[in-house]
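Data first, discussion second: the structure below is written as structure tokens.
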Amino acid sequence: MQEMNLLPTPESPVTRQEKMATVWDEAEQDGIGEEVLKMSTEEIVQRTRLLDSEIKIMKSEVLRVTHELQAMKDKIKENSEKIKVNKTLPYLVSNVIELLDVDPNDQEEDGANIDLDSQRKGKCAVIKTSTRQTYFLPVIGLVDAEKLKPGDLVGVNKDSYLILETLPTEYDSRVKAMEVDERPTEQYSDIGGLDKQIQELVEAIVLPMNHKEKFENLGIQPPKGVLMYGPPGTGKTLLARACAAQTKATFLKLAGPQLVQMFIGDGAKLVRDAFALAKEKAPSIIFIDELDAIGTKRFDSEKAGDREVQRTMLELLNQLDGFQPNTQVKVIAATNRVDILDPALLRSGRLDRKIEFPMPNEEARARIMQIHSRKMNVSPDVNYEELARCTDDFNGAQCKAVCVEAGMIALRRGATELTHEDYMEGILEVQAKKKANLQYYA
């Protein structure tokens, strides 16, 4: 009976199905697909041999790609060294004359000589060097062709003439000196009696730069420039300095006599360079003081100097309303002889806003003297209204001169503060100089 119990008992169908299910679950967990489980032993061996051969092929491919990668790295290193040698200074300065699109469509016959440079597709360039030689470059060089345009200044290799680097735009050194690096310290509060003029200047110059969207919402075009005119000493240049101090724009100060040059075309080139520099550093303001030096009415003259001044003014007219208007460049011009200016300068579209600076009235004169006396040690008994009544026909500069003369008189007598009598004596001093000047010019 014990031997009979040692014999294996046949498994039931339920137990066999459970084992098969367990095997399938383990196969799925190991990543073995159902297709492999249904394959025979010979098929599995054959599949394994195929996979081994594919692995060998992939390993050889990886080895080949690794060798190619190393060869490419060596080639890149070699080319980098060649570029470094070619980029050694000095460069030959050249100008880009023209950019050409090259796309050869004609097919060469079999056996014909083929010029590889002529078969390149893309951009080619024509340059003119500083030695006055013109070259055609089938290959531009190290600079992207999309970043080049005719007229650009570039540095090329002196042997191969390949473009190695773009150079900054060349401007006249006199134009660069026109840029105001240090901001003036004047403020609108330092100007007395010109509230209306300050408002007109802010509306025409400052507002279009700081709040451009207001003009776009209304659909109006802001003024291109402002002409400030009036007698000498009424605050035209002072207001321009205050405008330069209050805005963050680049400020270029030109003097009219500075644009009158001896050589033909030199003054016009200064005007072109000044506007080009202003466009590059936009937003910017160009202030032209003493505009009557170049803006006089045109007339027939046989003198070369007069014709050169007229050519300079024509270039200024062209820049004011050229073919490409620029709303980020504003022009402020000042003169005390508006009657002799050319009508072409005064028409709308060039200097749209005309701001008159009259002689200050009594209230304005009192305000001007108060402003210039703020930092002085002044006695409380000084009556500025009475001083303003005594300074009839005085401009702003003469009112300032009264304060300076009063301070000098107080200094002469060793006083520690300025009195009303000092101001009255200062008025007499300025009036005496004024009469002397009138008699001198008469």
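Using the three backbone atoms N, Cα and C, a Cβ is placed for every residue, glycine included.
Features reported for this protein in Swiss-Prot:
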MOD_RES   Ser12  phosphoserine
BINDING   Gly230, Pro231, Pro232, Gly233, Thr234, Gly235, Lys236, Thr237  ATP binding site
MOD_RES   Ser379  phosphoserine
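Annotated features, which come from Swiss-Prot, shown on the structure.
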{"residue": "Gly230", "record": "ATP binding site", "CB count, 10 Å": "19"}
{"residue": "Pro231", "record": "ATP binding site", "CB count, 10 Å": "13"}
{"residue": "Pro232", "record": "ATP binding site", "CB count, 10 Å": "13"}
{"residue": "Gly233", "record": "ATP binding site", "CB count, 10 Å": "20"}
{"residue": "Thr234", "record": "ATP binding site", "CB count, 10 Å": "24"}
{"residue": "Gly235", "record": "ATP binding site", "CB count, 10 Å": "25"}
{"residue": "Lys236", "record": "ATP binding site", "CB count, 10 Å": "26"}
{"residue": "Thr237", "record": "ATP binding site", "CB count, 10 Å": "18"}
{"residue": "Ser379", "record": "phosphoserine", "CB count, 10 Å": "15"}
DSSP-derived structure type at Lys236 (ATP binding site), helix or strand or else coil: helix
Shell list (ATP; ref centroid = CB of Gly230, Pro231, Pro232, Gly233, Thr234, Gly235, Lys236, Thr237; cutoff 8 A): Asn336, Phe357, Asn395, Gly396, Ala397
Rounded Cα-Cα span from Ser379 (phosphoserine) to Pro232 (ATP binding site), Å: 31
Inter-residue C-alpha distance, Pro231 (ATP binding site) and Ser379 (phosphoserine) (nearest angstrom): 32
Helix, strand or coil at Ser379 (phosphoserine) [DSSP, three-state]: coil
Ser379 (phosphoserine) versus binding-site residues Gly230, Gly233, Thr237 - nearest by Cα: Gly233
